[in-house]
Every structure is written in structure tokens, then in C-alpha cells.
Amino acid sequence: MLQRAGKARPYTKPLDGGWGWMITFHFFLVNVFVMGMIKTFAIFFVVLQEEFESSSEQTGWIGFIMSSISYSGGLLGAIICDITGEKTVSLLGALLITGGYLISSWATSIRFLCVTMGLLPGLGAAFLYQTAAAATTKYFKKRLAFSTAIARSGTGLTFLFAPFVKVLIDLYDWTGALILFGALMMNLVPSSMLLRPIHIASEENCDVKNRGSCLSTSHPGAVCVTEMPSCNETQEATIISDSALQKAGQPGTNLIVSQNKNTELNNEPDGNSAFLITDEERYEKEAISWSRKQKLFDISPLKNPFFYIFTWSFLLSQLAYFIPTFHLVARARTLGIDLMDATFLVSVAGITETVSPIITGWVADQAWIKKYHYYKSYLILCGITNLLAPLATTFPLLMTYTVFFAVFAGGYLAMILPVLVDLSGTSRVHGFLGLVAFFAGMVILSGPPIAGFLYDYTQTYTGSFYFSGICYLLSSVSFFFVPLAERWTNRS
Amino acid sequence: TASPFTSLPIREEMTTKYSNLSLESHNISVTEHSCVPVEKNITLERPSNIELICQFTASRDMNSVNVTWKKGDELLENYLINVTGSIVYAQYLFTIINSKQMGSYSCFFGEKKEQRGTFHFKVPKIHGKNKPLVNYVRDTTVLICKCQHCSPLNWTWYSSNGSVQVPIDVQMTDKYVINGTNANETRLKIMQLTEDNQGSYWCHAVFQLGESEERVELVVLSYLVPLKPFLGIVVEVVILVAIILLYETYTQKKKKHI
């Protein structure tokens with residue numbers, strides 16, 4: 001798919017705009033459809049339970065598998081992405097979701113559905129999410145938080161899916177509804193085609209062991225500048241001047257120098273190795289095979305302290321996020337608030353969560369302070385809000401809690417990707433994100449059971465809010481270690 | 001609340017003849033100033049002895065109050081009246097053993113039509129599904145009727161086209177199967193659905209004291225029905241993909257020419 005003759009040269013620098021907005025649009029659609037798919041499962045749950053006369057625990061497994069694979073599958077997606085590029089994986093993801101839903105309409109048992117409606121769409125969702133997030137980080141640098149926030153605001157629209165799915169089930173029964181829902185997901189196919197390939201002048205292998213390397217654009221006289229925000233300060237930008245190129249050979253000849261730091265190019269300053277390709281046609285092939293030289297399953301993030309900081313915080317915050325979302329309506333009901341008002345709370349939360357990331361993302365992009373400080377503060381504020389939540393016993397108080405929580409939650413959700421990029425470096429986003437998502441998926445599995453257990457044990461929903469508040473506060477703790485980790489990486 | 005009536009001859013007869021039946025006691029309170037008749041709905045499943053008591057509170061002289069009991073329009077006899085202070089108690093004792101005795105019983109105080117209390121006796125209601133059941137051709141579907149706190153003697157199913165109810169032909173065992181997991185539930189399984197099977201189905205619950213019915217709506221769709229929107233979406237996706245492909249080749253050609 002990437003090797004059509006006469007194709008345009010892929011982009012090489014983060015655009016921070018231009019075609020990047022198309023990527024944001026695609027990410028927006030991914031958020032809308034994937035989140036919509038996960039949230040509407042609750043409606044299918046009721047119908048499927050009736051149809052197959054199974055227990056709610058058995059039927060619940062489908063949703064479980066779907067949610068947790070949509071995180072863990074990101075790792076697989078990252079691996080395939082390194083081989084074939086983002087567009088292919090995204091298309092594969094969209095087709096997996098559509099196929100899964102179409103096959104599900106012929107389901108004969110819950111086990112069948114666990115695979116076709118849990119595993120396949122979950123995997124597809126993971127692929128879509130992984131590629132969209134990674135592509136966004138490549139296309140945006142200065143405006144990353146803002147563009148991610150716009151994309152994330154798509155989740156606010158998912159409240160439209162619920163009535164839509166209800167209508168589908170009423171008109172066409174669950175089999176027809178699944179077929180049409182799957183067809184709707186096919187819209188992610190043209191949207192995935194918007195993911196034009198981009199290869200950043202990368203800081204690949206930009207840890208302290210190797211010196212910087214870069215990929216230049218093909219014609220001679222190009223200046224290759226590496227952008228490596230998280231690199232060691234001792235790295236220097238590698239500039240290949242015209243003179244060096246002319247000495248190296250005529251334009252039109254291939255010059256491929258191995259990635260190894262021991263090889264030196266003529267008159268190259270400081271022994272930095274360069275990787276020059278002067279022939280357009282072989283650009284893509286070389287880039288791909290070069291990345292294949294890296295290990296397929298890159299576990300280098302595991303050696304990175306920032307990885308642990310981020311994963312710890314991500315796990316706990318995702319765990320804490322789901323629980324109030326699940327139990328908000330139930331808590332409102334136990335306080336005597338009727339269903340209409342309770343669903344109004346949910347809509348308000350949805351809308352606030354749509355708007356808040358955009359504002360916080362824009363603020364973060366102004367780079368007044370480092371992004372992870374924002375992230376840390378939002379997590380702490382979320383924690384405090386949740387700990388105070390049990391004090392909300394009337395509708396106005398509960399509404400206040402909902403708004404504040406939505407604002408702060410939207411804030412930290414917008415910052416996930418930018419902070420991840422800051423900690424890992426643009427080129428390693430795939431591996432980082434894949435591994436983080438993988439571990440998160442394991443932990444997310446425990447979220448709903450813990451919430452249910454808390455309720456059964458305490459017979460009230462306040463326990464869930466306390467748990468969530470504590471989780472948020474704990475998740476922010478790891479970020480206090482960032483300066484320590486920075487000093488550690490600098491020293492070694 | 002204890003009945004203000006002590007042992008009386010009629011009651012004794014009742015206790016001997018229908019002593020195996022339970023006694024149900026119901027009260028209604030009517031005041032002089034009621035502008036709306038007071039009503040009470042009673043659900044009755046099996047034969048029982050019934051004691052109905054109407055209590056009338058007024059400020060005027062009680063002895064001149066004319067108390068009557070009626071079932072529908074029919075005047076009843078054998079009722080008792082007790083006057084205590086400013087309250088008149090009217091009691092009617094009877095037994096319900098079949099559906100003829102079900103209905104509405106009213107106690108009247110004086111000539112004004114508003115000063116009365118009415119007891120409505122009904123058999124238990126059964127519940128089906130209030131939304132239509134949607135199925136496809138050649139599918140199998142199950143129509144369920146349930147009764148919450150009652151056990152009917154018998155369940156029967158009818159289908160209707162318009163106003164006439166036709167009993168389901170249970171002999172066609174490859175098409176219709178009626179069974180129920182417990183007494184308070186019945187299931188009608190219809191196999192090999194066709195579009196003719198579409199329409200209203202009625203389940204009847206037979207009690208000793210009458211019948212209760214409920215309607216279940218069945219909709220049978222052919223596969224073409226969801227296929228049309230499906231193809232619509234597929235076409236839309238194909239068009240979008242084509243547009244994007246054309247756009248990409250166009251921009252590449254432009255870049256080549258530059």
C-alpha cells in the first residue's frame with residue numbers, strides 16, 4: 001500500500017497544522033466511534049441477556065473483554081505498525097470492528113459473542129486508537145495538547161449513540177442492529193485513509209548510548225536537523241553541509257551508511273553517523289528495513305524510569321476514572337433523585353468533558369510550565385473532588401461535583417498524550433504507548449469488579465468515590481519523582 | 001381493624017357453608033363532603049368470603065341516613081347497619097365463587113350520588129411485552145405472558161387478524177409449541193416464521209373467577225429490510241474511499257509536475 005509508483009514524498013517534519021488537522025479529524029472520529037461502541041455495549045447487554053437467557057456475569061464478560069483488549073491490543077498494534085505503517089493497521093482495525101459486529105449477528109451463544117463482539121472489536125479499537133494517537137504525536141509538536149484535546153472531545157458526542165442504538169434495536173431487533181452498527185463503523189475506513197505517512201527527522205535510539213542520527217530528505221543540500229527534546233543535552237544537532245555531501249558523492253548515487261556509531265563518514269564532525277539516501281525511490285524501503293533492524297518487540301521502555309512513572313499514574317487514573325462514571329447514576333438514584341435528572345447529570349458531564357480538554361489543552365500548549373505539572377495538578381484535584389463527593393447529597397451539590405470532576409478529568413485526559421510524548425520522545429511513542437496500554441488493559445479488567453465489590457461490601461456508593469479519590473491521589477504521587485528520574489538518566 | 005359488628009346469623013351460615021374459603025375484609029371511608037365517589041380496586045384470584053364495610057361520617061342526624069348496597073344497578077339485601085356516634089357503618093357479607101359475582105359493589109348513603117363508596121373486584125392482570133417483538137423470516141420466537149403473584153388454572157393463546165380472535169392450532173407441533181416453566185408463566189414458541197405470522201397474539205389466563213387477557217405484538221421482517229440501510233452505508237463508504245483515493249492521486253500528480 002505504501003509502495004505505489006510516483007507517490008508523493010511523505011512528510012518529514014511535524015506540521016503543527018495543515019494536513020495535521022485531517023489527522024486530528026480522524027482521531028476525533030476514532031474517539032467518537034470507539035467510545036460510542038464501548039458505551040453502547042450496555043444497551044446490547046440487556047437485549048443479549050434476554051435473548052440468550054444468560055446471567056449478567058456471563059454476558060458482562062463480553063463488555064469486559066472488549067474494554068480490556070481495547071487497551072492491551074495496542075501493543076500488538078504497535079508491533080504491526082512498525083512493520084507496515086499506520087494506515088494499514090488503522091484500516092485493519094476498522095475492518096476488524098466491522099467484521100466482528102457483522103459476524104456477531106449470527107451468534108448462537110454468549111461464548112461465540114465473547115470472541116466476535118468482545119475480542120475482535122476490542123482489537124480493532126486498540127489498533128485504531130494506537131495508530132491515531134501515534135500519528136497525532138508525529139504530526140503535532142507545538143500544538144500537541146490542543147489537537148489531542150480536540151480529538152478527545154469526540155467522546156462527548158457519544159451520548160448520541162445510546163438513543164440511536166435503542167432505535168436500531170426497536171426497529172430491526174438485535175441482529176439487524178448489530179449489522180447496521182457494524183456498517184456504521186465502516187466509516188472509519190475512509191477516515192483511516194487520511195493517515196498519510198510521516199517520518200520525522202527522528203531521534204530514534206536517542207538515548208545516552210548512541211549519538212544522534214537522522215534521516216534526511218532526499219535532495220542534496222538538505223539540512224538535516226534533529227529535534228530531540230528529551231535527548232541528552234550533550235547531543236549536538238547534526239548538520240550535513242553541502243560540502244560534505246559533495247565530497248561524499250554525486251547526487252543520485254546511493255549512500256547508505258550503517259547505523260552503527262563506529263562508522264564514520266568522511267569529515268563528519270564528532271563521529272556522528274548519518275544515514276543518507278539520495279535516491280527517492282528507495283527512501284521508503286530503507287526506512288522500513290532500518291526500523292526492522294530494531295528489535296520487533298522493543299522492551300527498551302522497560303529500562304526507562306519515566307515509563308514506570310507514567311504507567312503507574314496511568315493505571316491508577318484509568319481505574320479511578322471508570323468507577324465514578326459507572327456509579328454516578330446509581331448514587332443519584334439512592335439519594336432519591338429521579339432517573340430523568342440523573343441522566344441529565346450524565347449529559348452535563350459529557351458536555352463539560354468535551355469542552356474542558358480543549359481549554360486545558362490550549363493552556364498547556366502555551367508552555368508556561370512543563371506539561372506534567374498540569375497533569376499532576378489535575379490528578380490531585382480529581383482526587384480531592386472525589387473524596388469530597390460523598391458530601392454531595394442533594395441534586396445541586398451532585399451537579400457541582402459532576403461539573404468539577406468533568407472539568408478536571410477532561411483536563412488530565414487531554415494531557416495524557418502530550419505528557420507521554422514529553423517523557424518518551426516522539427519516535428518511541430509507539431513502543432511506549434503500546435506497553436503502557438498493555439499493562440493498563442490488565443488492570444482495567446479489575447475496575448468494574450472492584451466497584452461492584454465495594455458496593456456489595458459497604459452497601460453504599462460512597463465507598464467507590466473514596467476509592468476513586470485515593471487512586472487519583474496515589475496516581476499523582478509518581479510524578480513527584482520526575483526530577484529524580486531526570487537526574488538519574490542524566491547521570492547514567 | 002375490628003369489625004364493629006359482632007356475631008350475626010348470616011355470618012354463621014357463611015362460616016359453615018364456605019368455611020374452607022378465606023375471609024377478605026375491605027373498608028371504605030366516605031364523608032359528607034365528598035364530591036367524588038370513593039373507589040377501591042380489589043384483585044381476587046380464587047373464591048373467597050368477602051366482608052365489605054363502608055364508613056360514613058357526617059355531622060347531621062345519623063338515623064335518617066338511608067343506606068343502600070348495590071351491585072351494578074341491582075339492589076342488594078341482607079346488609080347490616082350500625083350507628084355509633086356520628087359514624088354510620090354499613091356492612092355487606094357475601095361469597096364470591098364464580099365470575100358472576102365479580103364486578104362492582106357500591107354502598108350509598110342518602111340520595112346524593114356522590115356519597116358512595118365502590119369496591120371493584122377484578123381478576124389479576126397478566127403482563128406480556130409492551131414493545132413489539134421483532135423477528136426475521138424463518139426465525140423462531142417465543143412469546144411470553146406472565147402473572148406476577150398468581151397462578152392461573154389454565155393458559156390459552158389466540159391470534160387475531162383485526163378483531164376476531166382465533167385459537168392457536170396446537171396440533172401443528174412443528175409450528176407452535178406452548179409450554180411454561182411454572183404456573184405463573186406461559187410461553188408460545190413459533191417456529192419457521194413467515195410474514196403472515198405477523199400481528200397480534202392474545203394470551204388468556206383462566207381463573208375460577210374469570211379470565212384475564214393480554215396482547216403481544218409480533219413483527220416479522222424479511223432480510224431485505226435492514227439490508228437497504230446497510231447497502232446505503234456501504235455505498236457511502238465506497239464513495240468516500242474513492243474520493244480520497246482520487247484526491248491523493250491528484251495531489252501526487254500535481255507534485256510530480258512541480
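Start at 1 and count along the chain as shown; that gives each residue its number.
Glycine is treated like the rest: Cβ placed from N, Cα and C.
Residues annotated as transmembrane segment in TrEMBL: A:21-48 (among others).
According to TrEMBL, the transmembrane segment annotation covers A:60-81 (among others).
The transmembrane segment annotation in TrEMBL covers A:88-104 (among others).
Taken from TrEMBL, the feature transmembrane segment applies to A:110-132 (among others).
If you look up TrEMBL, you'll see A:144-165 (among others) marked as transmembrane segment. Through the fold, the transmembrane segment (A:144-165) approaches residues 20-21, 23-24, 27-32, 35-37, 39-40, 43-44, 132-133, 136-137, 177, 181, 346-347, 350-351, 353-355, 357-362, 364-365, 371, 410, 413-418, 421 of its own chain, all at least 6 residues removed from its boundaries and within a Cβ separation under 8 Å.
Here TrEMBL flags A:171-189 (among others) as transmembrane segment.
Here the transmembrane segment (A:305-323) has Cβ contacts under 8 Å with residues 375, 379, 382-383, 386, 409, 412-413, 416, 419-420, 423-424, 432, 435-436, 439-440, 443-444, 446-448, 450-451, 464-465, 467-469, 471-472, 474-476, 478-479, 481-482, 485, 488-489 of the same chain, all six or more residues outside its ends. Among the features that TrEMBL reports, transmembrane segment is placed at A:305-323 (among others).
The domain 'Major facilitator superfamily (MFS) profile' annotation in TrEMBL covers A:306-492.
If you look up TrEMBL, you'll see A:343-363 (among others) marked as transmembrane segment. Under 8 Å from some Cβ of the transmembrane segment (A:343-363) lie the Cβ atoms of residues 145-150, 152-159, 325, 328-329, 332, 374, 378, 398-399, 402-403, 405-411, 413-415, 418, all in the same chain and six or more residues away from its ends.
What TrEMBL records for A:375-392 (among others) is transmembrane segment. For the transmembrane segment (A:375-392), the residues of the chain that approach it from at least six positions outside its boundaries are 313, 317, 320, 324, 360, 398, 400-401, 404-405, 408-409, 411-412, 415-416, 419, 462, 465-466, 468-473, 475-476, 479-480, judged by C-beta separation under 8 angstroms.
Residues 133, 136-137, 144-145, 148-149, 152, 310, 314, 317, 321, 324, 328, 331-332, 335, 337, 345, 348-350, 352-358, 360-361, 364, 371-372, 374-375, 378-379, 381-382, 385-386, 388-389, 392, 429, 432-433, 436 of the same chain lie 6 or more positions beyond the ends of the transmembrane segment (A:398-420) yet place their CB under 8 Å from a CB of it. The transmembrane segment annotation in TrEMBL covers A:398-420 (among others).
Residues 60, 64, 67-79, 126, 129-130, 133-134, 299, 301-302, 307, 310-311, 314-315, 318-319, 322-323, 326-327, 420, 423-424, 464, 467 of the same chain lie 6 or more positions beyond the ends of the transmembrane segment (A:432-453) yet place their CB under 8 Å from a CB of it. Positions annotated as transmembrane segment by TrEMBL: A:432-453 (among others).
Summarising the annotation, TrEMBL assigns transmembrane segment to A:465-485 (among others).
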The transmembrane segment (A:88-104) in contact with the transmembrane segment (A:171-189), cutoff 8 A, at least 3 CB pairs, sep 6+
yes
Any contact between the transmembrane segment (A:171-189) and the transmembrane segment (A:21-48)? By contact I mean 3+ C-beta pairs closer than 8 Å, pairs at least 6 apart along the chain.
yes
